[in-house]
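Chemist: This structure is in structure tokens; I'll ask about it shortly.
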Amino acid sequence: MFKYIGDIVKGTGTQLRSLVMVFGHGFRKRDTLQYPEEQVYLPPRYRGRIVLTRDPDGEERCVACNLCAVACPVGCISLQKAETEDGRWYPDFFRINFSRCIFCGLCEEACPTTAIQLTPDFEMAEFKRQDLVYEKEDLLISGPGKNPDYNFYRVAGMAVAGKPKGAAQNEAEPINVKSLLP
């Protein structure tokens, strides 16, 4: 008989404790965000979707050096080099498979021209896996991205057709390294 009374008291105590816990949580701030209306906080260095940028002249920054594809630990980047009449390299095709990408940022670090940049965009959900394979046209943005004044060909010293090195618009004169010696 006393065993049954003890079980009843124990069960009632458990129910009361659960009710107190439920009502206590009802007055606290919620942990869940209503996502589309309330945007998620992203840290300043968040690595999201990859984009290809343009230089200040509006040309593609990518020179198809293939360093990004080599640096990628999962091998989700593929590209093919082509060359213009003036000798400038560009990617004939540039493809990233975002279903395999782990957003590590190694491709951005490996890029000598800052053509590849990671943006804070993370909304890339698709119903088909094939739709997560982005081509160059999908990745190329109209602006220069994080480095608006950088132009690889101005720094690299490639001569512009018809002008000597250092004579093109916004280009610095070449430095004579022998004059810097003591």
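Including glycine, each Cβ sits where the backbone N, Cα and C put it.
Sharing the feature lines straight out of Swiss-Prot:
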BINDING   CYS62, CYS65, CYS68, CYS111  [4Fe-4S] cluster 1 binding site
BINDING   CYS72, CYS101, CYS104, CYS107  [4Fe-4S] cluster 2 binding site
DOMAIN    52-82  domain '4Fe-4S ferredoxin-type 1'
DOMAIN    92-121  domain '4Fe-4S ferredoxin-type 2'
Chemist: Output, ordered by sequence, the same-chain residues six or more apart from CYS104 ([4Fe-4S] cluster 2 binding site) with a CB under 8 Å from its CB, or 'none'.
Modeler: ARG47, PRO73
Chemist: Counting by DSSP, what is the helix, strand and coil composition of the domain '4Fe-4S ferredoxin-type 1' (52-82)?
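Modeler: Tallying H, G and I as helix, E and B as strand, the rest coil: 5 helix, 9 strand, 17 coil.
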Chemist: What mean pLDDT score does the domain '4Fe-4S ferredoxin-type 1' (52-82) have in the model?
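Modeler: Summarising the domain '4Fe-4S ferredoxin-type 1' (52-82) by its mean pLDDT gives 93.
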Chemist: Based on Cα distances to CYS101 ([4Fe-4S] cluster 2 binding site), point out the closest of the binding-site residues CYS62, CYS65, CYS68, CYS111.
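Modeler: Looking at Cα distances from CYS101 ([4Fe-4S] cluster 2 binding site), the smallest one goes to CYS68.
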Chemist: Do any of CYS62, CYS65, CYS68 (binding-site residues) have a CA within 10 A of CYS107 ([4Fe-4S] cluster 2 binding site), and if so which?
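Modeler: Within 10 Å Cα-Cα: CYS68.
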Chemist: When secondary structure is assigned with DSSP, how many helix, strand and coil residues does the domain '4Fe-4S ferredoxin-type 2' (92-121) contain?
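Modeler: Its residues fall into 5 helix, 9 strand, 16 coil.
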Chemist: How long is the line from the C-alpha of CYS72 ([4Fe-4S] cluster 2 binding site) to the C-alpha of CYS111 ([4Fe-4S] cluster 1 binding site), rounded to the nearest angstrom?
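Modeler: Cα-Cα distance, CYS72 ([4Fe-4S] cluster 2 binding site) to CYS111 ([4Fe-4S] cluster 1 binding site): 11 Å.
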Chemist: Using all protein chains in view, find how many other C-beta atoms are within 10 Å of the C-beta of CYS68 ([4Fe-4S] cluster 1 binding site).
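Modeler: Around CYS68 ([4Fe-4S] cluster 1 binding site), other Cβ atoms within 10 Å: 24.
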Chemist: Which chain neighbours of the [4Fe-4S] cluster 1 site, leaving out CYS62, CYS65, CYS68, CYS111, have a Cβ atom within 8 Å of the mean position of the site's Cβ atoms?
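Modeler: Checked against the 8 Å cutoff, the neighbours are VAL63, ALA64, ASN66, LEU67, LEU79, CYS107, ALA110, PRO112, THR113, ALA115, ILE116.
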Chemist: Near the [4Fe-4S] cluster 2 site, what residues other than CYS72, CYS101, CYS104, CYS107 in the same chain have a C-beta no further than 8 Å from the centroid of the listed C-beta atoms?
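Modeler: Filtered neighbour residues, in order: ILE50, CYS68, ALA71, PRO73, VAL74, CYS76, ILE77, ILE102, PHE103, GLY105, LEU106.
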